[in-house]
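All remarks here apply to the structure that follows.
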Amino acid sequence: MSSATSLSVDKRDIVALEGVTKRFPGVVANDSVDLAIRPGEVHVLLGENGAGKSTLIGMLSGLQQPDEGRILVDGEPIAITSPRHALALGIGTVFQHVMLVPTLTVAQNLLLGGPWWQRPKTEELEARVAEITRALGITVKLHAKVSELSLGEQQQVEILRAMVRNSRLLILDESTSMLTPKGIDELGALMRRLVEQGLAIVFITHKLKEAAAFGDRISVLKLGRKVGEIPPERFRALGEQAIVSEIVELMFGKQKDDPEASERPVRTIHAGAAPLLQVHELAVAPTDDAPGLLSISFDIRPGELLGIAGIDGNGQKQLAEALAGQRATVSGSVRLQGTPIEALSVGERRERGLRYLTDDRLGEGTVGTFPVSINFFLKQVGAAPFWRNGVEQRAEIDKRAAQLVREYDVRTPSLKTPVARLSGGNIQKVLLARELAEGAKVVIFNKPTYGLDLANTLASRQRIRNTAARGLAVLLISTDLEELLSMCDRIAVISNGSLVGTVENVGDARSKIGRLMIGLAA
Amino acid sequence: MSIDTVPAAGATALDATAAVVTRRDIQHRLLMTIGPILAALIIAGCILLAVGVDPLAYYGFVLERGLLSPLGIQQTLTRMAPLLFLAAGLIVAFRAGMWNLGGDGQFLLGAVTAAASAPVFVEVMPAWLALICSFVIAMAVAMLWSLVPALLRAYQGVNEIITTLMMTFLGTSLANVLVKLMIRDPGTTVPQTRTLPVEDRLPRLFDTTITSGLLLGLAAIITVHLVMTRTAFGLKLRIVGANPRAAIHAGLGVPNLTIAVFAISAGLAGLAGAVDILGVQGNVRADWNPAYGLAVIPVVFLARMNGFAAIGFVFLLSVLSIGGESAARRLGVPNHFTLVLVSIVLIVLALAEYIDHRYNQSRRA
């Protein structure tokens, strides 16, 4: 249904995307996405982190160019070459983080970007702002400093800025993430008034409730692909609850043509075996930009694969880092084979067999400028036989690295190639080789297939299955429910930093987990 | 050339291509280094022309006084000693991603410590032991001076560029105060420390005036280079420098490594001060500040933090500064023109790098 409506270029579309594809090294961020944006509609783009929403916005606002496909403005194909060009076309973007100069007044901020040889036309601006704000029913203090405004007010200023520049299409990128509930409601009302004036709005969010409450049309993105669209007619026909459940189906439901889906082989785990990893009442304090953890408890037995499901940003990374020893904990205990390890350092935990495969491959997993060979041993610097008395044994390192390259099928031009030059899949193989090497007992995989192509995704999953089959305890953190369902024995759901339920992976586990993820009881 | 099927053949083929690549790489590097230097000499020549000085005469003097005359080359090599120590210290810090810009303060405090302690030590112990002791305490004082920026960076994440620069102002002033108030030589009217007798200073090489501090400096910078490139400790520091988050992820004790980097870097700067005093100057006069630390920073960048390349560039800097000093006297060019020249080299080099990068990109596209 979605392809039929969006492929035919509708005269009413302000902006239309046709088969837009954008690739980054090792990642397909957008995979032939079609999108139609019409005046008088709030078009919600819904998807988890990494679904490709930001890339899509980047292309609409002129920051990035599509690799394939085309963008039509008013029915004409056009290359949006720069943010300035996008503004000239009437596409205004309000980014997630406020982009105002905090030390200047609102009026000064609105006047930025005018011709440098002219005096700023303050009176003209005031008249224009008065006109716009009256129509929208908001008040803006033009002479207040931006730093004195609340985040919601700052956002209004950004919207106002887009309006002053005659935008016809307003893109709001995760605009509610920094707002209070009251601010969110106000933004929703403001969006409604804007579309009533004939504006088109693209509203990006990963919160289902907001999508259902504020949208006219919803497009759901998943791993770079558009997996479904709910058009306005259908939107009006359904109640809010029905829309939410339809979105859940689109976001987490099984696709018939999904090549990744594979049946989970039935495995037997010794229920009586002593757990390899025991986590009891683990707590981490929240920080400014990340939630904390609240009394997390679970056990993993040898050969068992425990999955952690949840919407991204609910404490998954904090959990992985707390277990690995990278993040300070407030309380709780972590036992490896019965011995407490919560007081040990990162290196000591690794020594005892706890391995953490990070999701941030280039950010913290590797040193991009270092050769592939050295990156295999980043966590063993100084250890024999690769270093003797602190002196590097290059022959030993190269020998073992060549062995790992072969064993894990790392496609690299040479061992000396800087690791950042490899594709995402091959960098992941380097990490897998490093973490699964001798001595591993418990392995934490954090989003191990994130951003990988299909072949590498399947290869990585096979490695993980083999790891568990060798009798190791595996904790698999993933935002891809398919992945968890196809691999795990049990799946726990994390929400707001606590585990809200654990489900045996049998029968109707999918719907139970889906309900847990959006905050309904299983 | 597949790694999977024929490992042995594959490995040798890999090595062969790597060798070709490195040779072309080195040629390219040389071109990218020498070309901009020549361009910079031409630009600097234009500036000299503009202020009414014959650039050929200037460069002639610089070459004559800094390189070709026997006295000049001896002075040049002597000047290299402290510069090599400073460069070694900066290589450690910069490779670990820590911008220790407090070299001058650390240098002067090391110098003052050495100047204060050596004349006392020689009275109670053999000269060689006195020199060693002076070196050690000069190093220790400089290390101590770096502790404040080090702790602030390690545990509070305070930007070390600012703290080390502030500490260098305090350090130079403190060194001055010490010379004027505490360790002033009562036997002279000029404010300066007691002079270390020439026979107790570092021995000179053969029958020249070149100080043996040159050898110590060379040893220091080569050691630093090998430690940074060949040892586990050096690799740890490079990991911290290249990707601090990867260092935490790999379980390295980043705060301790940070403090170690500052200690080594400052210690070497302190040794630079000591080697200048114990080998050449013999005492510290009040308000003496040669500002070697700041002059060495561009040199280390030009050398891309490579120890061996840094030796070459330090030599170049010494020729320029020794030759420049006498050329300045003869031709009336300000003494600081040497620094102008070095900065032009650096700017042209950065431009060349940028153009090269753009060219590579457009060729690839």
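Placed from the backbone N, Cα and C atoms, the Cβ positions cover glycine too.
Keep in mind that TrEMBL annotations are predicted by a computer and have not been checked by a curator.
Taken from TrEMBL, the feature transmembrane segment applies to B:30-50, B:80-99, B:129-155, B:161-183, B:204-228, B:259-280, B:292-317, B:337-355.
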Task: Chain residues in Cβ proximity to the transmembrane segment (B:259-280) (below 8 Å; excluding those fewer than six residues from its ends, i.e. six or more beyond) - done: 78, 81-86, 88-90, 92-93, 96, 98, 100, 102-103, 106-115, 118, 131, 134-135, 138-143, 145-147, 149-151, 153-154, 160, 196, 201-202, 211-213, 216-217, 220, 224, 237, 240, 290, 292-293
Open item on the list: Can you see whether the transmembrane segment (B:204-228) and the transmembrane segment (B:129-155) are touching - at least 3 CB pairs under 8 angstroms, only pairs 6 or more apart in sequence?
Closed with: no
Open item on the list: I need to check the long-range neighbours of the transmembrane segment (B:292-317): which residues 6 or more away from its ends have a CB within less than 8 Å of a CB in the stretch?
Closed with: 33, 76, 80, 82-84, 86-88, 90-91, 94-95, 101-107, 168, 218, 221-222, 224-226, 228, 269, 272, 338-339, 342-343, 345-346, 349
Open item on the list: So if I exclude everything within five residues of the ends of the transmembrane segment (B:80-99), which remaining residues of that chain have a CB under 8 angstroms from its CBs? That is, six or more out.
Closed with: 106-107, 153, 160-161, 164, 211, 213-214, 216-218, 220-221, 223-225, 228, 234, 237-238, 240-242, 244, 257-258, 261-262, 264-269, 271-273, 275-276, 279-280, 292-293, 295-297, 299-301, 303, 305-307, 310-311, 314-315, 317-318
Task: Cβ contacts under 8 Å made by the transmembrane segment (B:129-155) with residues that lie 6+ beyond its boundaries - done: 98, 100, 102, 105-107, 109-111, 113-114, 117-118, 121-122, 163-164, 167, 171, 200, 202, 254-256, 258-259, 261-263, 265-271, 273-275, 278
